[in-house]
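The disulfide bond annotation in TrEMBL covers 55-119, 68-129, 99-109, 271-332, 302-312, 402-412, 472-533, 603-613, 706-716, 869-933, 882-943, 913-923 (among others). Residues annotated as domain 'Ig-like' in TrEMBL: 950-1042, 1048-1152. Taken from TrEMBL, the feature transmembrane segment applies to 1160-1183. What TrEMBL lists as region 'Disordered' is 1207-1241. What TrEMBL records for 1222-1231 is compositional bias 'Basic and acidic residues'.
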């Protein structure tokens, strides 16, 4: 035996608690509030190492309450929408969040897949939490036990003197009105494992944090509070306090609630808030009479877990489309409720007696149990009541005695029980209000429901897997496998009770789902709905319907499977029976199943159902650490025979095998569901001609009819082909966007947005530095989205995440893009604020009219022409069509196939243009391919006529030097002179307007710089008395701003700066001195010359000095040595607008250092010879000049740039300095003539300068 000391035991306990809290800490680190305090701000979620926001679609107080609780921020005060705390950046991680209110993290609430949304950052959600106080365990958010945040932790508040002042502060801080003093202190449970504090307030504080708090040393009695509630509700005209027309108090007056979407979830919240027990039924159409005054609320969407009816999502106070004929009502149980049960018909029994709730002690009989079940509309008690136990409470206990003639528990006699009272629990059978008919077993068939003693069917309008889940749960049949429509199990008889059901999936009855009035429908029995449930097996707490903890129906009840001996055979059977494909994993953590009995399961792996396997009882001991069995399956859909997992032939798992899907009825909605289920983005293209082969399995003979919003293909209605079989040569396939090398994200549809490219499974954004229209055009064509209209940069469609790549040669064509997708793209230095985008427009045409400017509107998309539905079709839509076609303005927007019915797909529906859009597909619409129309609703347009596009010209050229003056001229051919020209740039929002009375307008860039390069185009607008005519945008012209540097010159200068040499080679005596001169013509000052030596790879740098546009620098060699010999060249470098540019190297100068062993005499002789040669040359020139009558004047330049003046008289004729000199006319090229006309140093020929020398100590040339 091992003994553990108390200290060690405490350590082990604390260590265990710490380890258990790690997952909670990890979850907490994934959410934050960005705003004014730690407990109010914009909600942000951490995923994939990036923070992102939450969209406010479906955002409610219940969602906000989960956030506040997760961040330990007290009670929710407000759920904010519309980017109340400012717009976030980057990703929007969550959308359509729908919490029940009991979740530990917002990430565990129902929501779209992470990153999937239809929102912008203007819809970022936020919350305001109470931060310092929370009210818990109450009947609504404005009453309960008080806990206070003090010393960085939550503490229980203890009752003490001054409670009234504290209550006022609590009610004020939680926006719950003023404090109310009940006749008797209510009981809201006891706090456990919290610190204890006493709070002292004056009563005028705005927050409990402003009160004084001190540790409480005495026996603590939990402080409670009951507030008046800032939005109280009441029931009027009913038979008692808990039935009647519902009214809510707002802005000083009472008003009613409209019965649109009124259902059991809303009734449950109402009854709880009024402390009226359980909701028994909802009533419509002013059942308890018409109210007066305001209709305050409409379109309520409660989950059933909200603490107050005002906390449910709704249109907004005073926003409605109802009158008092639609006032909502409710009937609550009033005196009886069941608490902590598995459904509304089970739980711990509590009664309302003497103005408060109390529990019934366990020693009661079947008569009382039957009365409770009947009073709650729950049928009769189930047998063996002693096995049901739904916990206990600290409420006061009573025993009950009921006479034989009573019909309600409230009519019984209650006596206070002084001993230990264990609360009675009950589980009622429930009235079988639903059944499955004509199926293959007890858990499949046509759905029928009972109302007022009559059975009727359910219409399949909006019938989906969520509705089927409610049915399967109601009939105790495990998990819903498929939702059947089109009277799959045969047509029923009698009334059609329910239509247009909208279940969340967590309801306990179809009647609790949203629906029109019972008995109202627009269906026939050919539309009767059906379901197929898993019958004997269900998967609990999984991430989808193909994963979770395994529970099976055995011996008339549900049991858990022990993980002992659980392996691949058993998992294969479960996946097969659930139609979930292949087994992936046979272990995992999906929670514990509570009080279910356990069994061991043994399968061979060939069974079609788990019920065919062998079961054995499994007795668990208190020390047993065996877990319940779990399973993860691959899912029931895969894509086969494509080059990527997101492209290929669609295969669906059914009846234990994989098979293809018939392509006859395959459409874009079906393909979208497949792509979403496989986490492959959206549908890019569907195929039906077996492009990916037929496969080896069967082709399922069913029509799949998805609406495009389902999360898996099994959720879509499926019905067999009527009076025919599938043409098996047509096999469904899909190309999802996840398989493409490029995609557009963040736009209105998949044809506009931020450009992202794929390398492997990683998506990267593109830098906008070298992004242009031609590259955008390539992307548009590859995505089959038509032509590129704009190629914006600067993260126009929002900033992406991950790495950024260069817009280089990878975007030259589709082939290079595909090659780079495999090999990888070159990384860029851009940030995501420079993400490139593209806006494509599908080509359109008008068909069936009198010419190209009138007819039925057709759109070319995915290589197919399709029509546009006339829902919401107006003149503004037609105007966009006409302008896109260059047909002027629209004069009419006919509907109802005015120019005849089209064929093929209907690409657009519910189009809503503002009139300024550049293309029809840029208008607001649900999505390309999404419609509910036929070709009898094809839209048309009749246009005014052709309008010419303005033409753009760039002067002096399309490529200019930095600093040049550029003129951009827009010209239009029109009779409507006197309009406004608009110059725009595709990369950003640059927009310049100029009114002109003529047919042209010129925009001047006086000193162009790099920021002004880009693709420009012109627009023209003519304002008429009643409208503005927008001419079609003109073609783009690319303006490129460059810096071009000439090749510099290299030369030598004598020590006396009298002669300039420009040889290719030179020999220099050791110890001599000379200078190398670098020079260049340039319009860019402030540069630096580099003298580079090739062999030693060395360089010297000297700033250049200038003479107007001529720049030079001298590199002195005061006493040359052998180490200085080598091959020299000049390079000019300059920094222009923060960018560095350098010229090509000049021609090279070879410098050789020779020894000084030659005698001075030799040098002198050499010098004399040179002087004699010079004298002979001068004599010859004088003779020639006198003979020819003309000569050439060579001017030398000193180091300071000035010409060396000729002081002496002309040696030929004695003329003065002002006497003109005639030049000998002889044949010369154009270049020489230009040189003669220019007397600056730049025009002196290097060849001439190199030949003329004037030096006392000449250098020695080799």
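Cβ from N, Cα, C; glycine included.
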Relative to the Cβ position of residue 913 (disulfide bond), how many further Cβ atoms are located within 10 Å?
22
If you average pLDDT over the domain 'Ig-like' (1048-1152), what do you get?
84
Reported in the order helix, strand, coil, what are the DSSP residue counts of the domain 'Ig-like' (1048-1152)?
3 helix, 62 strand, 40 coil
Compare the C-alpha of residue 129 (disulfide bond) with the C-alpha of each of the disulfide-bonded residues 302, 706, 716, 923, and give the closest one.
302
Can you tell me the CA-to-CA distance separating residue 109 (disulfide bond) and residue 943 (disulfide bond), as a whole number of Å?
51
Using residue 412 (disulfide bond) as the reference point, find which of the disulfide-bonded residues 99, 603, 913 has the shortest Cα-to-Cα distance to it.
99
Report the nearest neighbour of residue 332 (disulfide bond) in space among the disulfide-bonded residues 706, 923, 933, comparing Cα positions.
706
If I take the Cα of residue 99 (disulfide bond) as reference, which of the disulfide-bonded residues 271, 302, 472, 933 has the closest Cα?
302
Say you check the Cα of residue 119 (disulfide bond) against those of the disulfide-bonded residues 271, 603, 913, 923; which is nearest?
923
List every residue in the same chain as residue 613 (disulfide bond), at least 6 positions away in sequence, whose Cβ is under 8 Å from its Cβ.
570, 573, 601, 602, 603, 604, 607
Across all the protein chains here, work out how many other Cβ atoms are within 10 Å of the Cβ of residue 302 (disulfide bond).
24
If you count the C-beta atoms lying within 10 Å of each candidate's C-beta, which of the disulfide-bonded residues 402, 412 ends up with the smallest number?
402
For residue 716 (disulfide bond), the one of 68, 882, 913, 933 that lies nearest, given that the disulfide-bonded residues are compared by Cα:
933
